[in-house]
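So the structure is just underneath, and the comments pick up after that.
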Amino acid sequence: MNHVVKRFGDVVANDRVDFSVARGEIHALLGENGAGKSTVMSLLSGIYRADSGELFVHGERVRIRSPRDAMQLGIGMVHQNFRLVATLTALDNIILGEKKQPWRGASWKRKKAKEISELCEQYGLQFPIDAPVWQLSVGEQQRVEIVKTLYRGADIILLDEPTSVLTPSEAERLFMTLRELKQSGKTIVITTHKLKEVMAAADRISVMRKGRMIASLDRKDTNAKELAELMVGRALNDAGEVPAGQAGAAIMAVQEMTVLADHGYRALNGISFEVKEGEIIGVAGVAGNGQKELAEAIAGLRSWASGTMTCLGERMEGASIRRRIDKGISLIPEDRMKSGLAGSLGLVDNLMLKSYRGNERFRMGVLRNKDNERWAAQLIDRFDVRTPSLTVPVRGLSGGNQQKLLLAREIDQKPKLMVAVHPTQGLDVGATESVHQMLLDLRDSSAGVLLISEDLDEVMRLSDRILVLYGGNIVGELSKTEIDKDRIGRMMAGIGDSEEAAR
Amino acid sequence: MNQETWAETVNRKIRARENAAHKPLFTFSLQYDPAKKGGGWWVPLLSIASALLLCAMFIWANGMNPFTVYAKMAKGAFGSSFGISETLVKAIPLLLCGLGVAVAYRISVWNIGAEGQLIAGAIAATAVTVYWPDLPGALYIPVMVAAGIAAGAVWGLLTALPRTYFGVNELITSLMLNYVALLLLDYFVFGPWRDPEGFNFPGTPIFSLDQQLMTFSGTRLHYGLIFALAAVVLFSLLYSKSRWGYEMKLLGANPLAAKYAGISVNRHILLVMLISGGLAGLAGMSEVSGVSHRLMYGISPGYGYTAIIVAWLAKLNPWWMIVTSLFVGGLIVGGYSVQTIGLPSSMSLMLQGAILICLIGGEMLGKYRLVRRGGSGK
Amino acid sequence: MDFYVFLIIAAISSGTPLLFAVLGGILSERSGVIFLGAEGTMLIGAVVSCLTFVQTNNLLLATLAALAAAGGMGLLHAFLCVTLRANQTVCGLALTLFGTGLSAYLGKPVAGQALAVAVPRIKLPWLESIPFAGRILSNLDVFVWLSFALVMLLYLYMYKTSWGLHLRAVGDNPATSDVMGLSVSVTRYIHVVACSMLMGLAGSYLIMVYSPNWIEGMTSGRGWIAVALIILAAWNPLYALGGAYLFGGLDALGFRMQLMDIGIPSYFLKMLPYVVTILVLMAVGWRNRNKPSVEPKALGIPYMREQRF
């Protein structure tokens, strides 16, 4: 019997969390983004060290101070962002931690390859074993990760948000594998915020909220509604229907857009679409099917291989980033701290990022400090950004406040077209709602919004039209009335109905 | 159902253990905080002190009394009006080059070619005197200044272009160009420009008075000082008040965010290297025209490298650089003065390196903070 | 014929210190640490070697002393960059400045003093019968053979052993390596120190074989050329061989042409290696402009485990 109990004193991420898992079960750790699920996983796998609390494996009190300790106890983890060395082969990645036998000639490698192939076959996990990892698909990479933990002798396998990068059918396949693993006596813990998966796959469910463990339930004793309420902390009123937008004239038309990814293959394969004023176009798809490149190519951060982009009557595919900004194209980047904000600078400097070229910020080339501060204070007030002062480095703000700050800046620019990539990733419910409202308000002020998100529910709720991306192609386009989750799910997996694909 | 009971048992065990266990009052640990600014004003002072201590060991091992040596150095640099004016003279090129490299370092362009850019400026300024011997007197200084700045800027551009268009690491290019400039200097002073009446001295003829920068009465201190101070003021004003300054600040803080804001990183690299090279070129011009009054072999005792320390010691702040350039200038002058007691002047180079090492270490140590964790708090 | 034989021998002789330094640099950069202290470390290696030789008249001791002193420099770099997570570029610069100063200071008493070093040569008379190559290979000194051996050993080490796999993993993705139970710090410490020792060996070769008398700053940029060669060699020890001899050849060629007096001032011939370095790097950059870089992904980035704010 394995019991893992964990308590914390100081760290808010996990506040005195108790958590136990039984051998041979699939246990789902359910919670919203930022509820502290990943922290629990990281503590169990030795990536973080607990500030206080105790941990038991197989009834023994243990201390896990490093991933190596965890491995020795038979705990293996599959991270949300895979822990694979991209330049090494799958085989090398799997045997990376092995320290026996320093010399590795050809015969040794053959032996290992055989060993691992057998392991793969046993659980029905397939991937090319000798290819560099960066050439594998996301699903294959995940399989490499699972085999890696198995190869290293894990009994307890932790999977952090394993389905967030998979198509519905790939996810289905993953759960089959997990059930197989369970059958052979392994214990499995997954974290997720998707209720449907939990109900489909888990034996037991623990719910976390704001760093606390709320409840631990058997699947048969509960239902999706109860879980949702536990997760969010209040009775869930169905997220209200969003009224459709009033689509007007086209703002941007993209024709035959082809864009190359970092490794040189085609990330987007001659796609065409249009964004009209007053509508939100959702782009659905599993991560890595060209969404990132689409956003970057429109904003000018990535060059086009071919195709045209017409924006308000002007050809823009070769335009500089600056000209696009002047034209009213705005981007909410995927990773706000990586490219959207300068973490070490204060709020005023970050708000000026797009508008500093205008004469409102500078008088005769000299910074108008007083005016700018007043302007920034107004924006912060209007968009409800909570901050101790205007000068604190923005990296100290919470994720939600950072995102609101970013949106405040972009919306203040009165964009004609906004490309929003995962705009609510990692935000709590309140912040998510205000971001959604901002996007809707922007739409109603007759701007066009291109919403790229992996959260299918978000896309379906907000969009007036949905494009489904798969393998760099638009495999389907649905209007608001046609939206149907199963159908989109099929398209995301590349099984578009031929009629849609032909369009 | 079974599991619930187990969890309860475990919890009970833990509670029992907690009550029984002895609790320490508090424990301290060092925690790394990347967001923390590395220390305050005391970090540079402490680094200098530990560098002096480190080098004292080498001096002592060499059979000298480090205190005597340091006292000698301090006296040589700041102990007499001659020493002070010499220190000031050394501080001028250091300040100019230091500003130059600081401009580049602020956006992580690692220009270590100030030495070559300085030499290029010196050569170009001299070329004016060699090829236009009949210019109206009053024109010489402005033309030489322009030539020096332009040559330094071009030398800087030679570093920037491979970086922006070919992705070549600017560290290597700028350093290689230092050697090229040095060999070019040697070619001119040993070759075509050598003073025919100079008894084979590797240098050009002495400049005419029109070609020399004025000096403050009775000292060797020349008007290059004004260039340097003006550059400090300009630098700090531009940086804090102008659009360009804002762009630089953004580029320094997060280059990706700058790119996203439509700022061309490459254009800034080119610009920054032009400025950086231009300032070093100006330093070269003021050296030949204000100090040696001729182009000669070994015109720079490594000002371009030492400037890196000046910039870093001041944490790239232009006003602080006035102080640090004086300090480091003093080190150089002090280094000369210890030659009289049989120590090599490279003493000061060793000290400079040690100071920089200690400074880097100190800054990073400043990022650790003492944290009280666990225990009786809660 | 003779001209080419001598040219190649000269190229090997001036390429060998570069080769040692490049091999070292590859090790360090593969682990994810830029070591720009090459120039300073080579100088320290050279001066310590020289001083030890003057004292003991023993080549082996002189070489070992150089290794130890250079290793100390590497340890300092590793402490600052791995433990304290300082900026690797600035730290390497500081190390070079310090090394240049310290070596000048230490070397003052022996400056300009010619050393009577007899470096053992490995005579292989049976090779002499092979035309051309035989004459080159049959009379090389031990250091050169050591460098050949090192190239092979390091290649095997990097691609055929578990340690090499760990090294490549740490340099590309330290976070993953950490999770897999490899110690990022230990790997980096070991390879930075090994790197600096090889650079010390390069310095030792310079003074023991290449030009046996100490002059301030006698490496004249070789350390930096070595840093450039790492990129040219694409972080692979086998390619390092070619790169080092190419530059050794340029050096030798410049010197030969100077002797032949072809009318170009020697200053311009001496510029050759520096200018060619820049040009070659530009060519490499142009060729790779659209390709994913082979540079270790984590190069220059300090590793932090608990990266939480």
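If you go along the chain as it appears here, the first residue is 1 and each next one adds 1.
Every residue gets a Cβ built from N, Cα and C, even glycine.
Residues annotated as transmembrane segment in TrEMBL: B:41-61 (among others).
With a cut-off of 8 Å between Cβ atoms, the residues of this chain six or more beyond the transmembrane segment (B:81-105) that come close are 75, 111-112, 114, 117-118, 219-222, 224-225, 227-228, 231-232, 235, 248, 272-273, 275-280, 282-284, 286-287, 290-291, 300, 303-304, 306-308, 310-312, 314, 316, 318, 321-322, 324-326, 328-330, 332-333, 337. Residues or ranges marked as transmembrane segment in TrEMBL: B:81-105 (among others).
The transmembrane segment feature in TrEMBL is assigned to B:112-132 (among others).
Taken from TrEMBL, the feature transmembrane segment covers B:138-159 (among others). Among residues of the same chain six or more beyond the transmembrane segment (B:138-159), those with a C-beta under 8 A of the stretch's C-beta atoms are 111, 113, 116-118, 120-125, 127-129, 132, 170, 173-174, 177, 181, 208, 210-211, 213, 227, 270, 273-286, 289.
Under 8 Å from some Cβ of the transmembrane segment (B:171-190) lie the Cβ atoms of residues 110-113, 115-117, 119-120, 122-123, 126, 155, 158-159, 162-163, 202-204, 295-297, 299, 304, all in the same chain and six or more residues away from its ends. Annotation comment: TrEMBL describes B:171-190 (among others) as transmembrane segment.
What TrEMBL lists as transmembrane segment is B:221-239 (among others). Sequence-remote contacts of a segment are chain residues at least 6 beyond its ends whose Cβ falls under 8 Å from one of its Cβ atoms, and for the transmembrane segment (B:221-239) they are 85, 88-89, 91-93, 95-96, 99, 102-103, 145, 213-215, 245, 248-249, 279, 282-283, 286-287, 289-291, 318-319, 321-322.
Residues or ranges marked as transmembrane segment by TrEMBL: B:260-283 (among others). Sequence-remote contacts of a segment are chain residues at least 6 beyond its ends whose Cβ falls under 8 Å from one of its Cβ atoms, and for the transmembrane segment (B:260-283) they are 92-93, 96-97, 99-101, 103-104, 107, 109, 111, 113-115, 117-118, 120-121, 124, 145, 148-157, 159-161, 163-164, 170, 224, 227, 231, 247-248, 250-251, 303-304, 307.
Residues annotated as transmembrane segment in TrEMBL: B:295-314 (among others).
Annotation source TrEMBL lists transmembrane segment at B:319-337 (among others).
Long-range contacts of the transmembrane segment (B:349-366) within the same chain, counting only residues at least 6 positions beyond its ends with a Cβ under 8 Å from a Cβ of the stretch, are 36-40, 43-44, 46-48, 50-52, 54-55, 58, 302, 306, 308-309, 312-313, 328, 331, 335. Per TrEMBL, the feature transmembrane segment maps to B:349-366 (among others).
For the transmembrane segment (B:112-132), the residues of the chain that approach it from at least six positions outside its boundaries are 93, 97, 100-101, 140, 143-145, 147-156, 159, 171, 173-175, 177-182, 184-185, 188, 193, 204, 207-208, 211, 276-277, 280-285, 287-289, 294-295, 299-300, 302-305, 307-308, judged by C-beta separation under 8 angstroms. Remote same-chain residues near the transmembrane segment (B:41-61) are listed as 69-70, 313, 315, 324, 343, 347, 350-351, 354-355, 357-359, 361-363, 366 (criterion: CB distance under 8 Å, separation of at least six residues from the stretch ends).
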